[in-house]
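Novice: Let me give you the structure first, and then I'll get to my questions.
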Amino acid sequence: MGKGGSLSEGVIKKILLSYTYVAIWIFLSFTVIVYNKYILDKKMYNWPFPISLTMIHMSFCASLAFLLVRVFRLVEPVTMSRDLYLSSVVPIGALYSLSLWLSNSAYIYLSVSFIQMLKALMPVAVYSIGVSFKKESFKTDTMVNMISISIGVAIAAYGEARFDTWGVMLQLGAVAFEATRLVLIQILLTSKGITLNPITSLYYVAPCCLAFLFVPWIFVEYPILRDSSSFHFDFVIFGTNSVCAFALNLAVFLLVGKTSALTMNVAGVVKDWLLIAFSWSVIKDTVTPINLFGYGLAFLGVAYYNHSKLQALKAKDAQKKAAQPDEEASRLLEERDGEGIGKRNESQK
């Protein structure tokens, strides 16, 4: 009972910790999305400056990441040459800045619920771009699944009460840039043996984002902010919003580190349904039956995609485990043959 009891307690503790990390990530992701919507929406806080908001986030996150990496040394930096930084990190930073800019801009025009429905296209974009860059192999059944997700999102868009073409274009652009960034991370960093956790990612990528966002900010938002005498920087609103954004990155670090990226994908589906319910019940966004039917169809496609990924990972893991005894047996056989040859040589002497 002692061993069995301690093992059971250990397993229960591990499960509870996993659920705790998932709950923290869902809460923070939920909070950041709703908070950004509150700040940017003209009917709420009415500060429709998505580039400025993104730059505030990046400045805060870059500063804290610098403190964690360089001052307090709580996170180990990655060895990276200047050429590697320019050729690999800078393009990823450019795509990340565009993705954040466009996704934050979409909150001005679209409801939170509809944005979450459009985000269901992320696996479609990642898979399509992965195939075009030869990082994913083309499979007919996977492509059929991607088409079913796209049809579901199209139905949800058809049933959207507050459909805005410009807002949809912004969100689809954000999805495309984010998907390209994820594929390029595999090509430019992972394939070279470089792994960045969310903190080191901010340390290296956030300054790039600031530099890229500064150019459009100067021409698009700075003149309006300069001429607006009514605006005063609210340290409480923007400070707490930035803290939430940074805490979300820490939560990603914990969730992926203690569970897996697939767990985060599954948790993301739960978060999306919670956001749709919150958007409908609290913000009073209109969610139509056609919306729900379309998103339900897309949800089934995403769930099947995640299930397929999980099965592929399990099969790969099983192959590795099956190969280990064969490798061990081959090594022992080689050692035994080597010892036999050595003994024969000694007897000949």
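Residue positions begin at 1 at the first shown residue.
Glycine is no exception: its Cβ is also placed from the backbone N, Cα and C atoms.
Curation does not apply to TrEMBL; its annotations are automatic.
Not my notes, these are from TrEMBL:
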- 16-35: transmembrane segment (TRANSMEM)
- 20-306: domain 'Sugar phosphate transporter' (DOMAIN)
- 47-72: transmembrane segment (TRANSMEM)
- 84-102: transmembrane segment (TRANSMEM)
- 108-130: transmembrane segment (TRANSMEM)
- 165-189: transmembrane segment (TRANSMEM)
- 201-219: transmembrane segment (TRANSMEM)
- 231-255: transmembrane segment (TRANSMEM)
- 262-283: transmembrane segment (TRANSMEM)
- 289-306: transmembrane segment (TRANSMEM)
- 321-349: region 'Disordered' (REGION)
Novice: Is the number of Cβ-Cβ pairs under 8 Å between the transmembrane segment (165-189) and the transmembrane segment (84-102) three or more, considering only pairs separated by 6 or more positions?
Specialist: yes
Novice: Report the mean pLDDT of the predicted model across the domain 'Sugar phosphate transporter' (20-306), rounded to a whole number.
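Specialist: Computed over the domain 'Sugar phosphate transporter' (20-306), the mean pLDDT is 91 on the 0 to 100 scale.
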Novice: Tell me, please, if the transmembrane segment (16-35) and the transmembrane segment (289-306) are in contact, taking contact as 3+ Cβ pairs under 8 Å between residues separated by 6 or more positions?
Specialist: no
Novice: Do any residues, 6 or more residues outside the transmembrane segment (84-102), come within under 8 Å Cβ-to-Cβ of it, and if so which ones?
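Specialist: For the transmembrane segment (84-102), the list is 50-51, 54, 57-58, 170-171, 173-174, 177-178, 180-181, 184-185, 188-189, 192, 194, 204-209, 211-213, 216.
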Novice: Taking the transmembrane segment (47-72) as the reference, which of 108-130, 201-219, 262-283, 289-306 gives the largest number of Cβ pairs under 8 angstroms?
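Specialist: The stretch I would name here is 201-219.
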Novice: So if I exclude everything within five residues of the ends of the transmembrane segment (262-283), which remaining residues of that chain have a CB under 8 angstroms from its CBs? That is, six or more out.
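Specialist: Those are 18, 22, 25-26, 29-30, 33-34, 37, 111-113, 116-117, 119-120, 252, 255-256, 295, 299, 302-303, 306, 309-310, 313, in sequence order.
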